[in-house]
Structures are given as C-alpha cells and as structure tokens.
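J.: Structure in structure tokens, see below.
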Amino acid sequence: MSCPLAFTFSLPSIFPFPSQLLPFSRHKHPYLLRATPTSATEDVASAVSGAPSIFISQSRSPEWWIDLLRSKVRSNLLREAVLTYVDMIVLGIKPDNYAFPALLKAVADLQDMELGKQIHAHVYKFGYGVDSVTVANTLVNLYRKCGDFGAVYKVFDRISERNQVSWNSLISSLCSFEKWEMALEAFRCMLDENVEPSSFTLVSVVTACSNLPMPEGLMMGKQVHAYGLRKGELNSFIINTLVAMYGKLGKLASSKVLLGSFGGRDLVTWNTVLSSLCQNEQLLEALEYLREMVLEGVEPDEFTISSVLPACSHLEMLRTGKELHAYALKNGSLDENSFVGSALVDMYCNCKQVLSGRRVFDGMFDRKIGLWNAMIAGYSQNEHDKEALLLFIGMEESAGLLANSTTMAGVVPACVRSGAFSRKEAIHGFVVKRGLDRDRFVQNTLMDMYSRLGKIDIAMRIFGKMEDRDLVTWNTMITGYVFSEHHEDALLLLHKMQNLERKVSKGASRVSLKPNSITLMTILPSCAALSALAKGKEIHAYAIKNNLATDVAVGSALVDMYAKCGCLQMSRKVFDQIPQKNVITWNVIIMAYGMHGNGQEAIDLLRMMMVQGVKPNEVTFISVFAACSHSGMVDEGLRIFYVMKPDYGVEPSSDHYACVVDLLGRAGRIKEAYQLMNMMPRDFNKAGAWSSLLGASRIHNNLEIGEIAAQNLIQLEPNVASHYVLLANIYSSAGLWDKATEVRRNMKEQGVRKEPGCSWIEHGDEVHKFVAGDSSHPQSEKLSGYLETLWERMRKEGYVPDTSCVLHNVEEDEKEILLCGHSEKLAIAFGILNTSPGTIIRVAKNLRVCNDCHLATKFISKIVDREIILRDVRRFHRFKNGTCSCGDYW
C-alpha cells in the first residue's frame, strides 16, 4: 500500500490524457512543426526542405536512429538531438523506452518548458505516460529543471510503480524548490514503501536538514547520519554533505570529528570544512586546516583559495594572503579565475593595500561583475571615493555591465562621503530606476546612507516598509540609531528584535534573528553612552553563553562599555581574557585608564603593548595624551610627544597637537600651549588645537588668549555651538555681560543652537533621561522638591553656588534656581530617591560637567553617604565622602 504524501494537494490538470490530446496542428513548438504535416505531400516537402539527410538515411533501422539520438545527447548536442527526434517522427519511426529518456534529458538541459510540454504530449500519445517508470522519472527531472513544482508533483503522483530513481527525482526536485520539510516527508514515505534509499537520496535529505532551523534541522540531520551509518552508505559524497550540514548549523565540532574519522578525505572534503569554518567566523582555525591540508598533499584549487582568502582579509593577515596569491600564480591559471581574483582584491583592499588590489584587477582578462564589485567596494571602504565612483561609471559605460545590489553597497557610501557628489539622495532615485529598491541588500545600504546623512527618520521609514528583514537589516537599523546617538531607540529596537527571535525559535518564522558579534559590538556603545550597566551586563552574559565574548571586536566593545559605566576593574578583567588582542583593544583599555585619571597605568600599558609585539597607531597616542592630561602628567606626556616619531614610527598629526595643547592648557601652561600652536605645520587643521586652547582659557579665565582662540575657531567652524558658549562663559566670568550678550546674539543670527545638557541614569529595565530645565519627567515635581531640601542642607555644610557657570545676566537668586535645574543634579536626585541606601549612583552626561555641579555633587555624596559616579564628555568623576577622584583637576 502506498504512503499518502503529507503534502498532497489539488492541482488543475496541465497534461492532457490520451483521449484529450489537442490536435498537433495547434500550439506547435518550432521544432515540432516539421513533425506534424497534414498530408503525405507536405510530409515529403517538409522533410526535403528541413532535413535533406533523411532521404539518405531512410534505409536506416529504428535502432540506428535511437542510438543516434542518444549519442547526440551524450555529446551535449542538445538541439541536434531534438532535430533528430523530429526526423524520426517524419520518417514514421516510433520512439521507444530508450529514446524518450534521452530526448527529455536534452529538453531538460535546454530548460525549454514549451518544448517539454509538447514532448510530454508525445509521450502520452505513444503510450509511455504512466507505465514506463524510466520515462516518468525523466519527466520529473524535466519539470524540476524548468522550475514547475506543480508539474513535478503531478507526474510523480501518476507513476504506478515508483522505484528508487523516482523517489530520488522527487526528493531532489523538492530540494531544488527549497521545500525542505516536504523533502523529508517524501523520504519518510519512501521508507514506508520499502524503497531502499541510495547515496544520492541521503545527499538530498542531508541538504534538506541543513536548511531547516535549529534545533529541528540538527535533530533530523543526526537521524539521517545514524541511518547512513547503519546501512553502510557513508561514502565520500555523503560525508562531504554531512560536514557541510554540521557547519551550516553551527556544529563545527561535529564537522571536525567527521573529518578526523574519515580516511578518504579528498579536496571536496577539505573545501567543505574550510568553507564551514569561514562561514562560522573560525578564521584562524580555517588557516590551520589549510596548512594541514597542504601537508597531507592535497593541492588547493580555486574554491580553496577563494574560501580562505576572506579569512586573511578579515584578520588582516597580509603575509598569508600574499602566500596564497603566490600559490595561485605558480599553479596554472588559478590567478585568472574570477572568484580567486575577486577574493584577492578584497583581501588586499581590506589590508589597506589598495594599489595591490588594483594591480590584481587590471591583470584579470575576464572581468565578471563580482570582480568589479570587489574593486569598487575596496576603494569605498578605504574612502577612495572618487576612484570608486569613476570605476562604477567605467563598469557601466565601458564594460557594459549593469549594477547589481552588491555594486550599490560599495557605491552608496562613496556617494555619501564624496564632496563632488552633492545630491546624495539622488542615488536613491537611481536605485529605484534600476529596479533595485526592493532588494533587501540595497535597502540595507540605503538605510545606512540616510543614517549617516542625519536622516534617521527616512532610514526608519525604509526599515518599516521592508517585508523581509533579516539579521543584517536589524543590525543596520540599530547601527543607524547608534550613529545618530539615538541610544534609547537602539536598545528598544534590540529588545524588539529579541522578542521576534523568540518567536523564530518556536517555529513562527524561518529567518533567524539571533544577535551575532556585529549586533553586540554595535549595541554595546549605546549601553556605554547611557551608562546602562545592567543592560551591558546582560549583553555580556549573552556573549559568554554564545561563545562571542572572546571575539576581539565584541571583547573590545565590552572593555569600553565597562570602563564608560565606571567599572574599570571589570573592564581590565575582560581585557585580560581576550585571547587575540589587536591595536584597537589596546587603545580602548589605555583610553579607559585615561578616562578614570590613571595616567601612569595607561603609560605602562603602552610599554606592555610594545613588548607583546603590537605596534601603536595614531589613536594609541591620542589615548595616551588624554590619560596624561587628565592625570596632570605634563612632562611625561611631552616626552612621549617628542619621541613618538623616532621611537614608535608614528608621525604627529593635528589631533596629537590638539591633545598636547590640552595637556599644557589644562595644567595652566597656556602660553606654552599657544607657542605649540604656532609650531604646528601650516597645512594642519588647527580647529582641534584652538578648541583645546579655548577650553583651557575658560578653566583658567585667560581672556586674551581665549578671545584669540574663539575668533579663529568661529572662523574655521562657524556652526559649532560650544565655541560660542565657551567664549560667552569667559566673558561672563570676567563680568563682561555686554560682550557675552553679543556672542549669544551672533550665535542666534548664525542659526547655531546650543546642545541642551542631558543626563542619563539606569533604573531597573529603563534608562531615564533628564534635560536641563525640563519638567516632563513623571517625578519632576518630586525631584525639584527634594533638591530644594537638599540645597538647604548643603548650604549649612558650607556650600556656596558657583554662579559664574550661568551665562545670563540675571539676579543671583535666579542664577541659583537655574543651577538647581542642571540635568546631572536631577539625575542624581532621581537615583537617591529610587534606589536603596548604599547603592552606587551612576550618571552619564553629554557635556562637560560645570564647576557648580562638580562642587554640589561633592557635598551631596557626603550628606547622603552615597558613592556617585558621574561621567561627562571627557572623563569620570567618582564622588565619595565629599571628595572627587579627579582631585578637582579636570
């Protein structure tokens, strides 16, 4: 008794039964017009005009014709094979059980659906439609290749005696149509009908398992694996498919066990393992396996090289990449392979060797679109935007290739950055015109573009309209929020994504939204910005559970998050646990110690970094100078500045000069800072250095140099509000209220708006935001009342408000009211009222903490007996028992 397939459904009949055949005079395919003359005269005339060789071959036997037909199919002369069949029909030679399978194979390889249907009608006419299982199996294959799932099922359902080939054809077809569950159901029915599976069956079934979501796919895959072991069917073909399945499902340990236990490892086996390792970001291990493969005497091919080169690219292992390039050059024409060429271009560009990438590109004769895309992306990621756009134009105009979604992923960022491309949004119109606007890859790129242009609302609109969002889409939108400093929105979107992922794990969806390393390294800066320590710890726990905590990018982000949430000890612990530290990791930990005022530890880390063979870069020294500045280590900072080129090989840039100006200015050595400004190379951008000098002038009330710095800054950066605010502060402190008012008026006329002071504090699962002078928070009235009470207690302890921080020329009591509404005071009050006694209060602020808030927080910490950690835009302040960790040096 046959097994009723679980996926049975009703379809309209698309194949006429013999009694319903249409007359052959209708709906003819051009090939078959010759085979259906209306009279003997037309028969001869058609034959003479279309195939004069027929008269020569009329004496040939039917067997000769059928052998001729089959030989043409074997020789891949597909169209000639069809014409041979036409000649047979004209001569009245009846096709048999051997002719139709060969003919149907030819039509399947041609992927000609219309011709296939006509031949199918002939099959019924000559009586092979139901009883000949061989012909029926070939028909299944025909409709699979022509992409007609309904026809595949219909033909299969009418096979009276299904054999192994019938089931193999069906299961293979279902996999081709990505009907993975149905393929497994068909496999079960095959077993129920006592049809013995072959190795080809198991390959298709394992492929189906690899495309099911976890844990279902893994469970089914293991069952098929066990079945193969029991039946002794595990040949190299199946082993390779199992290795690929375990790798795709993230079970690399099982892939490696299979590889180790399999004696007949061939090139395909190795390539499968290498590909799985790279897909699962086990890049160093992939390179180790490549070495083992070569030692076993297995020569890499183009698939090996193109699979492993991305590992060199991501790890920036230029030397290994060059070795693979040399191997490709040495071994035949591997370097001429388009996939290898594209991978080489990507590797060189990712290692900042753009010229080497271009040489590979120029040396390729067969430049497919993948190669063009790799070179455009290489230029774009290295910010060679002009070259990227020129190459894009050349690809379309000279090479005649049309841009696809991958092309646009490289072109769009180049357009956004390029000064020559003023109408940035016009690229969106180009995408729509090319019909690429519904492509998910392109939509992700457009979302990123609008985020970087500051139009996060348009990015969100694109995201909202997308029907098919994958993990990359969610990561892109989260990145957009983080880039635009919409940190609360980024965390909310992550929460929404996690809720959808829970539905995925319950089988409600097939698209996995499980956060990966990119998700974590993207969202952790938002936790840091909001000082959301609890959320950061939650993400850290997830990273540990999913073996992502030791990833260098995730690890570096965790180091930064803990440091910016005030947990320097935990930051160092995470740093020490990262197995492969890169220069970014070292820079982050040095910056962390600097933010906390531990300058000597930062310098010790610089030395340790050198001992471990990691060369410092430009950012390293910015971190070191910042650490020296916040710790008052002026002489040590100057010493490092003057030896950074001879001892470390790093040329001082404008950013380094700005840091050293800050170092000197913060220490009150403003004239020296001004002299250093004048020593800067003429072509350097001096905005950063002038800004440091202006800030120092504000701290030390140096009106003369402050005015010079502000005038130069406003000329260089007329739209930056902080320059006007600092100058107005200097004038206010000096009692020059008219000048302060004039600065504010100029600021207003220029359309420059001061960024409002914002502070954040985490409580429970929420991050609460406070804005200076804002009363929209639900506890606003309660907080104001508490601060008034606290104010009186502080006065009794000797607190005198520093009203020099108020820019407005108003009465002293009004200035005090304005000071009381500063955002950090509101956040601290919220923390005191909403947490239990003894709990550390952690607050983050978007601007530099003012003198009065710094003074007030010292008094508050003593009165309420709380430790208060306040992070402003520059550094950390740890208040305890009336003192601050900065020693009033900030």
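The backbone N, Cα and C atoms fix where each Cβ goes, and this holds for glycine too.
This is the feature table in Swiss-Prot:
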- 689-764: region 'Type E motif' (REGION)
- 765-795: region 'Type E(+) motif' (REGION)
- 796-890: region 'Type DYW motif' (REGION)
- 132-162: repeat 'PPR 3' (REPEAT)
- 163-197: repeat 'PPR 4' (REPEAT)
- 235-265: repeat 'PPR 6' (REPEAT)
- 266-300: repeat 'PPR 7' (REPEAT)
- 301-335: repeat 'PPR 8' (REPEAT)
- 337-371: repeat 'PPR 9' (REPEAT)
- 404-438: repeat 'PPR 11' (REPEAT)
- 439-473: repeat 'PPR 12' (REPEAT)
- 474-504: repeat 'PPR 13' (REPEAT)
- 551-581: repeat 'PPR 15' (REPEAT)
- 582-616: repeat 'PPR 16' (REPEAT)
- 653-683: repeat 'PPR 18' (REPEAT)
- 1-44: transit peptide (TRANSIT)
J.: By DSSP assignment, list the helix, strand and coil residue numbers for the repeat 'PPR 11' (404-438), in that order.
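T.: Across the repeat 'PPR 11' (404-438), DSSP assigns the residues as follows: 21 helix, 0 strand, 14 coil.
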J.: Residues of the same chain, at least six outside the repeat 'PPR 12' (439-473), with any C-beta under 8 angstroms of its C-beta?
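T.: Cβ under 8 Å, 6 or more out: 405-406, 408-409, 412-413, 415-416, 424-425, 427-428, 431, 479-481, 483-484, 486, 511-516, 519.
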J.: Near the repeat 'PPR 6' (235-265), which residues from the same chain, at least 6 beyond its ends, have a CB less than 8 A from one of its CBs?
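T.: Those are 199, 202-203, 206-207, 209-211, 214, 217-218, 221, 225, 228, 272-273, 275-277, 279-280, 282, 296, 298, in sequence order.
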J.: Mind checking which residues of the chain, 6+ beyond the ends of the repeat 'PPR 13' (474-504), have their Cβ under 8 Å from one of its Cβ atoms?
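T.: Hits for the repeat 'PPR 13' (474-504): 213, 444, 447-448, 450-452, 454, 456, 459-460, 463, 510-516, 518-519, 522-523, 525-527, 529-530, 532, 535, 767, 769.
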J.: Below 8 angstroms Cβ to Cβ, which residues of this chain, lying six or more residues outside the repeat 'PPR 7' (266-300), approach it?
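T.: Contacts with the repeat 'PPR 7' (266-300): 236, 239-240, 243-244, 246-248, 250, 252, 255-256, 259, 307-308, 310-312, 314-315, 317, 320, 327, 331, 517, 551, 580.
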J.: At a C-beta cut-off of under 8 Å, are there same-chain residues at least 6 beyond the repeat 'PPR 8' (301-335) that contact it? List them, or none.
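T.: The answer is 267, 270-271, 274-275, 278, 281, 283-284, 286-287, 290, 293, 341-344, 346-348, 350-351, 353, 360, 363.
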J.: Quickly jot the same-chain residues contacting the repeat 'PPR 9' (337-371) by Cβ under 8 Å, restricted to those at least six beyond its ends, or write none.
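T.: Those are 302-303, 305-306, 309-310, 312-314, 316-318, 321, 325, 328, 377-379, 381-382, 384, 395, 399, 401, 404, 406-407, in sequence order.
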J.: DSSP on the repeat 'PPR 16' (582-616): how many residues come out helix, how many strand, how many coil?
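T.: Split by secondary structure, the repeat 'PPR 16' (582-616) comes out as 26 helix, 0 strand, 9 coil.
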J.: With DSSP, how much of the repeat 'PPR 18' (653-683) is helix, how much strand and how much coil, in residues?
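T.: Tallying H, G and I as helix, E and B as strand, the rest coil: 23 helix, 0 strand, 8 coil.
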